[in-house]
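For reference, the structure discussed in these notes is given below.
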């Protein structure tokens, strides 16, 4: 499901490090060389490169990239080069400092990562920011948003496939009851979304549709302008069909007048090694245009080149 292509025979780490140093030397930066290396190494390989670079030159590779590059290309390359847990910590910290769609970013990290990935992100947050993600989320949010986001980022769900059908039936009924009464921030509704395993939530929501005739997200569309309901629908999508959620983020990022590079960069950098293949398939199905072609139409330069490498563009 990953779209990252790694060469069958990867050069020694020392060679990658030497080549990267060469890319930073002389007149101008050799961005193509940087892309050819970092754009074709997996997370474990990038981590080794970063360690070896620091040992060889006494400087963090991220600092070297920061000095040499700029704009959207720098942003995507820095996010990509970070260890996944550090990247999530950095994205979450940014989200607690701004208001635009920041609640969605926090929910996205909490709901599309495995329990261990979320735990590692919380530990990375401690190490880098000397405080907890939970306290920053609690401080940054209020009202219904805090009621939902705080338990989501604090969660450590069971990751297995086992499902309790009796529980699924009773919780489907409970969810329907709360939604029928417009009790969208009811603690029982939030408890189910924030603590149950993804397999269990899927079973409950299938039961919901079978018994009550509607997809739960249809029933959560009572007020299309309600921001909390929009976040609740996105939460359900992230927990059950993340590729549909990310397709929509990309569609909104690319199709607006003026690209939302922040969202485009975040999705490509965080999903290329996970499920970008599924997201691309969903994007093609929904928009009748391949994702890489949409990227070519909306971006340019080295930024475009790296995005295309990461999403698996055949002719890049």
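Placement of Cβ uses the backbone N, Cα and C atoms for every residue, glycine included.
Database features, via TrEMBL:
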BINDING   24, 26, 28, 68, 254, 256, 258, 296, 299, 304  Ca(2+) 1 binding site
BINDING   298  Ca(2+) 3 binding site
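A map of TrEMBL features onto the structure.
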residue: 24; record: Ca(2+) 1 binding site; contacts (Cβ under 8 Å, 6+ apart): 64, 67, 68
residue: 28; record: Ca(2+) 1 binding site; contacts (Cβ under 8 Å, 6+ apart): none
residue: 254; record: Ca(2+) 1 binding site; contacts (Cβ under 8 Å, 6+ apart): 260, 264, 294, 295, 297, 298
residue: 258; record: Ca(2+) 1 binding site; contacts (Cβ under 8 Å, 6+ apart): none
residue: 299; record: Ca(2+) 1 binding site; contacts (Cβ under 8 Å, 6+ apart): 72, 259, 261, 264, 307
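Every protein chain considered, the tally of other Cβ atoms within 10 Å of the Cβ of the residue listed as 'Ca(2+) 3 binding site' stands at 18.
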